[in-house]
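The structure appears below as structure tokens.
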Amino acid sequence: MNDRVFEQTMNQNHQGGAARECVLEAHGITKTFMQGGFNVQVLDNAQVSVRRGEKLAIVGASGSGKSTLLHVLGGLDEPSAGQVSLLGKPFTQLAERERNDLRNRALGFVYQFHHLLPEFTALDNVAMPLRIRRMSAEEARHHAREMLEQVGLGARAKHRPGELSGGERQRVAIARALVTKPACVLADEPTGNLDGSTADHVFHLMLELSRTLDTSFVIVTHDPDLAARCDRILRLRDGVLHEEPAVPV
């Protein structure tokens, strides 16, 4: 059974099961910017719900507001109207410190560029989120090493980013996002800088980790083939989110 057939089977099994808890919800999200003296509405009454272990793709034209939506979902940007809840807790009802603590505990982030610290090894880059949470260096490295093993890079733990390939660097970034065992990972064009075969491998890895760790993924992508491998697809057009029917892969 090849990777894509396996993914489709797992997606169908996931969708056919009982409804699972929502880990991330957004209701009535509107986002407006001032540009050239005019109000520009990027998001218009967007509704999003992400269930435990679900893989959700967000697609749309360049400049349609996909990254803005991801930043709002992650609590990195505030909506002009509407509400985002993470693990049932609305961001607007939390003090800034509580919101930051919740985000750091329950969310992971992966970007198109890996944002690894060049002077640190892969192991120490992955351990960094745990060290920020005041975990001891020994324990943080233990968990980081386990996560690197899960992304197939245990043998590269002592290498710095400059000594790794593009695909390896992105796998380290994925390990870093998952090392805190978040409920949901927000990924903004995570394969955008990779060649076709490497992108396919990294995307399959994310879907497999979502299944084994029961972690939700919200993935912004321009690639329709990759999006089709997720459980659901939302298209952002003119500020409005539309759910698209699943297409067999």
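Cβ coordinates come from backbone N, Cα and C, glycine included.
Summarising the annotation, Swiss-Prot assigns domain 'ABC transporter' to 24-249. What Swiss-Prot records for Gly60, Ala61, Ser62, Gly63, Ser64, Gly65, Lys66, Ser67 is ATP binding site.
Listed in chain order, the residues near the ATP site other than Gly60, Ala61, Ser62, Gly63, Ser64, Gly65, Lys66, Ser67 are Leu236, each with its Cβ within 8 Å of the site Cβ centroid. The 10 Å shell around the Cβ of Gly65 (ATP binding site) contains 26 further Cβ atoms across the protein chains shown. The most densely surrounded of the binding-site residues Gly60, Gly63 is Gly60 (count of other Cβ atoms within 10 A of its Cβ).
In the three-state DSSP scheme, Ser62 (ATP binding site) is classed as coil. The Cβ neighbour count for Ser67 (ATP binding site), using a 10 Å radius and every protein chain shown, is 18. Counting only same-chain residues six or more apart in sequence, the Cβ atoms lying under 8 angstroms from the Cβ of Ser62 (ATP binding site) belong to His222. Looking at Ala61, Ser64, Lys66, the binding-site residues in this record, the fewest other C-beta atoms within 10 angstroms of the C-beta turn up around Ala61.
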